[in-house]
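Colleague: I'd like to ask some things about the structure below.
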Amino acid sequence: MLVGTIIEKRNASSAGTVGDLPLIDISGIRSADNRRLREIADEIGNAAREIGFFRIIGHGIDLDLVERTYQQAQQFFALPEAFKRRYYIGLSTNHRGYVPFTEKGDYPDEVNRSYEAFDLGVDLPHDDPDYLAGNRLLGPNVWPGVVGFKQTVSAYYAQISALGRIISTALELHLGLPPGSMTDQMSKPISQLRLLHYVRRNAEVDTKSVNMGAHTDYECLTLLHTRNAGLQVMTAEDEWIDVPVDRHVYVVNIGDMMEAWTNGLLRSTPHRVLNQSPERFSMPYFVAANHGTVISPFPELVGRGEKPKYAPFRAGDHLERMLIRDFPYLRNQVQKGSTEGNQNVENPFEKRMNGSSN
Ligand SMILES: O=C(O)CCC(=O)C(=O)O
Ligand SMILES: [Fe+2]
(Lines of atoms letter the chains of each structure in order from A and count residues from 1; the text may use other names and numbers.)
(Lines give C-alpha, C1' and ligand atoms only; values in the text may rest on other atoms or scores of the structure.)
(Ligands and ions follow the chains in the order given, each with its own letter.)
Protein backbone atom coordinates (compact mmCIF):
# COMPACT_ATOMS: atom_id res chain seq x y z
CA MET A 1 0.00 0.00 0.00
CA LEU A 2 1.37 3.36 -0.96
CA VAL A 3 -0.69 6.37 -0.03
CA GLY A 4 -0.30 9.87 -1.35
CA THR A 5 3.06 9.86 -3.08
CA ILE A 6 2.05 12.86 -5.13
CA ILE A 7 3.01 16.02 -3.36
CA GLU A 8 0.91 18.89 -4.51
CA LYS A 9 2.45 22.27 -4.99
CA ARG A 10 0.81 24.53 -2.47
CA ASN A 11 1.25 28.16 -1.77
CA ALA A 12 3.69 28.97 1.00
CA SER A 13 1.05 29.81 3.59
CA SER A 14 -0.86 26.52 3.49
CA ALA A 15 -0.02 23.84 6.01
CA GLY A 16 0.67 20.33 4.76
CA THR A 17 -1.44 17.31 5.54
CA VAL A 18 -1.02 13.67 6.45
CA GLY A 19 -1.64 12.64 2.86
CA ASP A 20 1.70 14.12 1.84
CA LEU A 21 3.73 11.37 3.51
CA PRO A 22 3.67 7.89 2.01
CA LEU A 23 2.43 5.14 4.32
CA ILE A 24 3.95 1.82 3.32
CA ASP A 25 2.91 -1.61 4.56
CA ILE A 26 6.18 -3.54 4.75
CA SER A 27 4.74 -6.80 6.07
CA GLY A 28 6.34 -9.40 3.83
CA ILE A 29 9.73 -7.66 3.87
CA ARG A 30 11.14 -10.64 5.80
CA SER A 31 9.53 -13.20 3.50
CA ALA A 32 11.20 -15.28 0.83
CA ASP A 33 8.64 -14.13 -1.76
CA ASN A 34 10.93 -12.24 -4.11
CA ARG A 35 8.16 -10.57 -6.04
CA ARG A 36 6.58 -9.13 -2.89
CA LEU A 37 10.00 -8.15 -1.59
CA ARG A 38 10.76 -6.22 -4.75
CA GLU A 39 7.39 -4.45 -4.57
CA ILE A 40 8.07 -3.33 -1.01
CA ALA A 41 11.66 -2.36 -1.83
CA ASP A 42 10.43 -0.20 -4.70
CA GLU A 43 7.75 1.48 -2.58
CA ILE A 44 10.38 2.30 0.03
CA GLY A 45 12.90 3.36 -2.59
CA ASN A 46 10.45 5.61 -4.44
CA ALA A 47 9.44 7.35 -1.22
CA ALA A 48 13.11 7.74 -0.30
CA ARG A 49 13.76 9.39 -3.67
CA GLU A 50 10.74 11.66 -3.70
CA ILE A 51 10.62 13.10 -0.20
CA GLY A 52 13.17 11.12 1.81
CA PHE A 53 10.56 10.66 4.56
CA PHE A 54 7.88 7.99 4.83
CA ARG A 55 5.87 6.00 7.36
CA ILE A 56 5.80 2.24 7.71
CA ILE A 57 3.39 -0.30 9.22
CA GLY A 58 3.71 -4.07 9.32
CA HIS A 59 7.29 -3.58 10.55
CA GLY A 60 7.20 -6.45 13.04
CA ILE A 61 8.53 -4.45 16.02
CA ASP A 62 6.86 -5.58 19.26
CA LEU A 63 4.66 -2.64 20.27
CA ASP A 64 4.53 -3.82 23.90
CA LEU A 65 8.31 -3.62 23.95
CA VAL A 66 8.07 -0.10 22.51
CA GLU A 67 5.69 0.81 25.32
CA ARG A 68 7.98 -0.70 27.96
CA THR A 69 10.94 1.18 26.51
CA TYR A 70 9.01 4.46 26.81
CA GLN A 71 8.16 3.56 30.40
CA GLN A 72 11.85 3.05 31.16
CA ALA A 73 12.71 6.35 29.50
CA GLN A 74 9.94 8.12 31.40
CA GLN A 75 11.07 6.60 34.68
CA PHE A 76 14.69 7.64 34.06
CA PHE A 77 13.91 11.21 32.98
CA ALA A 78 11.67 11.68 36.05
CA LEU A 79 14.62 11.06 38.39
CA PRO A 80 16.44 13.94 40.10
CA GLU A 81 18.93 15.86 37.96
CA ALA A 82 21.81 14.93 40.29
CA PHE A 83 21.10 11.23 39.75
CA LYS A 84 20.82 11.58 35.98
CA ARG A 85 24.09 13.53 35.92
CA ARG A 86 25.92 10.46 37.22
CA TYR A 87 25.43 9.13 33.69
CA TYR A 88 26.33 12.40 31.95
CA ILE A 89 27.47 11.84 28.40
CA GLY A 90 30.48 14.07 29.05
CA LEU A 91 31.83 11.49 31.50
CA SER A 92 31.96 8.91 28.72
CA THR A 93 34.70 8.79 26.09
CA ASN A 94 32.50 7.09 23.48
CA HIS A 95 29.40 9.29 23.41
CA ARG A 96 27.08 7.34 25.67
CA GLY A 97 24.73 8.44 28.39
CA TYR A 98 22.56 11.28 29.62
CA VAL A 99 22.30 14.53 27.68
CA PRO A 100 20.94 17.25 29.99
CA PHE A 101 18.70 20.15 28.95
CA THR A 102 21.74 22.41 29.19
CA GLU A 103 23.82 20.64 26.53
CA LYS A 104 23.00 23.09 23.75
CA GLY A 105 24.44 22.91 20.26
CA ASP A 106 24.73 25.40 17.47
CA TYR A 107 21.35 25.45 15.72
CA PRO A 108 20.35 29.08 15.12
CA ASP A 109 16.59 28.37 15.20
CA GLU A 110 16.66 26.58 18.55
CA VAL A 111 15.64 29.58 20.61
CA ASN A 112 13.00 27.55 22.41
CA ARG A 113 15.00 24.39 22.79
CA SER A 114 14.10 22.32 25.82
CA TYR A 115 14.88 18.63 25.70
CA GLU A 116 16.98 15.98 27.39
CA ALA A 117 18.12 12.67 25.93
CA PHE A 118 19.81 9.39 26.60
CA ASP A 119 22.20 8.10 23.91
CA LEU A 120 23.38 4.55 23.38
CA GLY A 121 24.73 2.32 20.63
CA VAL A 122 26.10 -1.14 19.96
CA ASP A 123 27.10 -2.38 23.42
CA LEU A 124 30.72 -3.44 22.90
CA PRO A 125 32.85 -5.03 25.63
CA HIS A 126 35.28 -2.97 27.70
CA ASP A 127 38.22 -4.65 25.97
CA ASP A 128 36.99 -3.77 22.49
CA PRO A 129 40.10 -2.70 20.54
CA ASP A 130 38.45 0.37 18.96
CA TYR A 131 37.27 1.54 22.37
CA LEU A 132 40.69 0.96 23.91
CA ALA A 133 42.23 2.91 21.03
CA GLY A 134 40.09 5.91 21.99
CA ASN A 135 37.39 5.72 19.32
CA ARG A 136 34.87 8.47 20.17
CA LEU A 137 31.80 6.56 18.99
CA LEU A 138 32.42 2.89 19.76
CA GLY A 139 32.51 1.01 23.06
CA PRO A 140 30.31 -0.06 25.94
CA ASN A 141 27.02 1.60 26.75
CA VAL A 142 26.41 3.51 29.95
CA TRP A 143 23.53 1.93 31.87
CA PRO A 144 21.74 3.84 34.61
CA GLY A 145 21.00 2.10 37.88
CA VAL A 146 17.27 1.82 37.12
CA VAL A 147 15.60 -1.56 37.47
CA GLY A 148 14.85 -3.12 34.09
CA PHE A 149 16.35 -0.27 32.02
CA LYS A 150 19.27 -2.18 30.52
CA GLN A 151 17.22 -5.29 29.81
CA THR A 152 14.32 -3.48 28.16
CA VAL A 153 16.33 -0.94 26.18
CA SER A 154 18.77 -3.63 24.97
CA ALA A 155 15.86 -5.77 23.78
CA TYR A 156 14.46 -2.77 21.91
CA TYR A 157 17.89 -1.99 20.42
CA ALA A 158 18.14 -5.56 19.10
CA GLN A 159 14.76 -5.32 17.34
CA ILE A 160 15.15 -1.87 15.89
CA SER A 161 18.72 -2.47 14.66
CA ALA A 162 17.57 -5.67 12.92
CA LEU A 163 14.81 -3.70 11.18
CA GLY A 164 17.33 -1.07 10.09
CA ARG A 165 19.38 -3.76 8.42
CA ILE A 166 16.34 -5.23 6.67
CA ILE A 167 15.32 -1.85 5.26
CA SER A 168 18.90 -1.22 4.12
CA THR A 169 18.84 -4.57 2.31
CA ALA A 170 15.58 -3.57 0.61
CA LEU A 171 17.20 -0.33 -0.54
CA GLU A 172 20.13 -2.27 -2.02
CA LEU A 173 17.59 -4.27 -4.00
CA HIS A 174 15.69 -1.18 -5.14
CA LEU A 175 18.87 0.56 -6.22
CA GLY A 176 20.12 -2.46 -8.15
CA LEU A 177 23.25 -2.70 -6.00
CA PRO A 178 24.92 -6.05 -5.28
CA PRO A 179 23.56 -7.53 -2.03
CA GLY A 180 25.72 -6.40 0.87
CA SER A 181 26.92 -3.19 -0.83
CA MET A 182 25.71 -1.24 2.18
CA THR A 183 24.90 -3.86 4.79
CA ASP A 184 28.37 -5.43 4.67
CA GLN A 185 29.55 -2.00 5.83
CA MET A 186 27.31 -2.23 8.89
CA SER A 187 29.08 -5.01 10.78
CA LYS A 188 30.21 -2.78 13.68
CA PRO A 189 28.21 0.33 12.99
CA ILE A 190 28.23 3.69 14.72
CA SER A 191 24.43 3.49 14.85
CA GLN A 192 22.73 5.10 17.83
CA LEU A 193 19.46 4.98 19.68
CA ARG A 194 18.26 8.21 21.34
CA LEU A 195 15.61 8.33 24.00
CA LEU A 196 14.25 11.86 23.83
CA HIS A 197 12.19 13.83 26.31
CA TYR A 198 10.97 17.29 25.27
CA VAL A 199 9.35 19.60 27.79
CA ARG A 200 7.73 22.84 26.74
CA ARG A 201 8.83 25.47 29.21
CA ASN A 202 6.12 27.11 31.30
CA ALA A 203 6.94 30.51 29.90
CA GLU A 204 6.64 29.26 26.34
CA VAL A 205 3.17 29.93 24.97
CA ASP A 206 3.92 29.77 21.26
CA THR A 207 3.23 26.16 20.33
CA LYS A 208 4.70 26.76 16.89
CA SER A 209 8.07 27.74 18.34
CA VAL A 210 10.99 25.49 17.45
CA ASN A 211 12.26 23.09 20.10
CA MET A 212 14.68 20.90 18.11
CA GLY A 213 16.00 22.99 15.24
CA ALA A 214 15.85 22.15 11.54
CA HIS A 215 18.46 19.62 10.54
CA THR A 216 19.14 16.60 8.42
CA ASP A 217 20.19 13.37 10.10
CA TYR A 218 23.85 12.48 9.72
CA GLU A 219 23.60 8.74 9.18
CA CYS A 220 22.06 6.40 6.57
CA LEU A 221 18.50 5.98 7.83
CA THR A 222 16.47 7.00 10.86
CA LEU A 223 13.70 4.82 12.28
CA LEU A 224 11.65 6.93 14.64
CA HIS A 225 8.85 6.07 16.99
CA THR A 226 7.05 8.92 18.68
CA ARG A 227 4.20 9.28 21.11
CA ASN A 228 3.43 12.94 20.70
CA ALA A 229 2.88 15.55 18.00
CA GLY A 230 5.48 18.13 17.02
CA LEU A 231 7.68 16.63 14.28
CA GLN A 232 7.64 18.47 10.97
CA VAL A 233 9.27 17.66 7.65
CA MET A 234 10.25 20.03 4.89
CA THR A 235 8.85 19.13 1.50
CA ALA A 236 10.66 19.60 -1.80
CA GLU A 237 8.60 22.80 -2.12
CA ASP A 238 10.15 24.17 1.08
CA GLU A 239 7.00 23.83 3.14
CA TRP A 240 6.81 22.32 6.60
CA ILE A 241 4.31 19.52 7.02
CA ASP A 242 3.23 17.84 10.27
CA VAL A 243 4.08 14.19 10.78
CA PRO A 244 1.05 12.46 12.29
CA VAL A 245 1.39 10.34 15.41
CA ASP A 246 0.28 6.72 15.39
CA ARG A 247 1.66 4.16 17.82
CA HIS A 248 1.57 1.43 15.16
CA VAL A 249 3.69 3.42 12.75
CA TYR A 250 7.40 4.12 12.39
CA VAL A 251 8.62 7.24 10.65
CA VAL A 252 11.63 6.57 8.43
CA ASN A 253 13.92 9.09 6.85
CA ILE A 254 17.06 9.16 4.78
CA GLY A 255 20.21 10.68 6.27
CA ASP A 256 23.35 12.33 4.88
CA MET A 257 25.45 9.17 4.56
CA MET A 258 22.78 7.52 2.43
CA GLU A 259 22.29 10.63 0.29
CA ALA A 260 26.00 10.69 -0.52
CA TRP A 261 26.26 6.91 -0.98
CA THR A 262 23.42 7.03 -3.54
CA ASN A 263 24.89 10.09 -5.29
CA GLY A 264 21.89 12.18 -4.24
CA LEU A 265 19.28 9.75 -5.56
CA LEU A 266 17.83 9.33 -2.07
CA ARG A 267 17.19 12.57 -0.22
CA SER A 268 18.29 13.49 3.27
CA THR A 269 15.39 15.73 4.24
CA PRO A 270 15.34 18.58 6.79
CA HIS A 271 13.01 18.21 9.74
CA ARG A 272 12.42 19.86 13.11
CA VAL A 273 10.36 19.56 16.27
CA LEU A 274 7.91 22.23 17.44
CA ASN A 275 6.71 22.88 20.99
CA GLN A 276 3.30 21.50 20.07
CA SER A 277 3.02 19.02 22.94
CA PRO A 278 3.58 20.17 26.54
CA GLU A 279 5.66 17.03 27.04
CA ARG A 280 6.92 14.77 24.28
CA PHE A 281 8.70 11.41 24.04
CA SER A 282 10.34 9.98 20.94
CA MET A 283 12.95 7.37 20.07
CA PRO A 284 14.98 7.83 16.91
CA TYR A 285 17.30 5.01 15.92
CA PHE A 286 20.00 6.14 13.51
CA VAL A 287 21.25 3.41 11.16
CA ALA A 288 24.87 4.11 10.27
CA ALA A 289 27.79 2.44 8.53
CA ASN A 290 30.99 1.33 10.28
CA HIS A 291 33.29 4.02 11.64
CA GLY A 292 35.93 3.47 8.98
CA THR A 293 33.59 3.01 6.01
CA VAL A 294 34.44 5.40 3.24
CA ILE A 295 31.17 6.76 1.91
CA SER A 296 31.65 7.42 -1.76
CA PRO A 297 28.83 7.40 -4.33
CA PHE A 298 28.32 3.90 -5.72
CA PRO A 299 29.67 3.90 -9.30
CA GLU A 300 26.45 2.17 -10.41
CA LEU A 301 24.56 5.31 -9.38
CA VAL A 302 26.78 7.84 -11.13
CA GLY A 303 25.70 8.55 -14.71
CA ARG A 304 28.08 7.57 -17.49
CA GLY A 305 30.54 10.36 -18.15
CA GLU A 306 29.38 12.22 -15.03
CA LYS A 307 31.36 13.08 -11.93
CA PRO A 308 30.14 11.88 -8.51
CA LYS A 309 28.20 14.65 -6.77
CA TYR A 310 29.82 13.99 -3.37
CA ALA A 311 33.45 13.79 -2.32
CA PRO A 312 34.33 10.64 -0.34
CA PHE A 313 34.33 10.86 3.46
CA ARG A 314 34.68 8.45 6.36
CA ALA A 315 31.39 7.74 8.13
CA GLY A 316 32.99 8.18 11.56
CA ASP A 317 34.62 11.48 10.58
CA HIS A 318 31.32 12.96 9.40
CA LEU A 319 29.42 11.88 12.49
CA GLU A 320 32.15 13.12 14.84
CA ARG A 321 32.33 16.49 13.10
CA MET A 322 28.59 16.94 13.38
CA LEU A 323 28.44 15.80 17.00
CA ILE A 324 31.25 18.19 17.87
CA ARG A 325 29.01 20.92 16.50
CA ASP A 326 26.02 19.68 18.50
CA PHE A 327 27.64 18.84 21.86
CA PRO A 328 29.62 21.38 23.87
CA TYR A 329 31.05 18.55 26.04
CA LEU A 330 32.57 16.95 22.95
CA ARG A 331 34.08 20.23 21.77
CA ASN A 332 35.76 20.54 25.17
CA GLN A 333 37.00 16.95 25.11
CA VAL A 334 38.42 17.31 21.62
CA GLN A 335 40.07 20.62 22.37
CA LYS A 336 41.69 19.28 25.51
CA GLY A 337 42.89 16.13 23.76
CA SER A 338 44.44 17.55 20.61
CA THR A 339 44.54 20.30 18.05
CA GLU A 340 41.63 18.82 16.06
CA GLY A 341 39.05 21.01 17.78
CA ASN A 342 37.28 23.38 15.47
CA GLN A 343 34.60 25.74 16.72
CA ASN A 344 33.37 26.50 13.22
CA VAL A 345 32.46 23.10 11.94
CA GLU A 346 30.48 23.33 8.74
CA ASN A 347 27.96 20.76 7.62
CA PRO A 348 28.54 19.89 3.96
CA PHE A 349 24.92 18.68 3.80
CA GLU A 350 23.39 21.90 5.13
CA LYS A 351 20.38 22.85 3.00
CA ARG A 352 17.23 24.88 3.22
CA MET A 353 17.46 24.97 6.99
CA ASN A 354 15.84 28.35 7.31
CA GLY A 355 12.86 27.74 5.09
CA SER A 356 9.34 29.03 5.65
CA SER A 357 7.94 28.46 9.11
CA ASN A 358 4.46 27.42 7.99
O1 LIG B 1 11.89 13.73 18.19
C2 LIG B 1 11.66 13.63 16.99
O3 LIG B 1 10.53 13.37 16.55
C4 LIG B 1 12.75 13.86 15.99
C5 LIG B 1 14.13 13.79 16.56
C6 LIG B 1 15.18 14.07 15.55
O7 LIG B 1 14.94 14.55 14.49
C8 LIG B 1 16.58 13.73 15.85
O9 LIG B 1 16.90 13.40 17.00
O10 LIG B 1 17.41 13.78 14.92
FE1 LIG C 1 16.56 14.22 13.13
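Glycine residues also receive a Cβ, built from the backbone N, Cα and C atoms like all the rest.
Under the heading domain 'Fe2OG dioxygenase', TrEMBL lists 189-289. The feature compositional bias 'Polar residues' is assigned by TrEMBL to 335-346. The annotation region 'Disordered' is assigned in TrEMBL to 335-358. Annotation comment: TrEMBL describes 348-358 as compositional bias 'Basic and acidic residues'.
What does the local environment look like for each feature on the list?
Modeller: Broken down with DSSP, the domain 'Fe2OG dioxygenase' (189-289) shows 6 helix, 47 strand, 48 coil.
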Colleague: Let me know the model's mean pLDDT on the domain 'Fe2OG dioxygenase' (189-289).
Modeller: 96
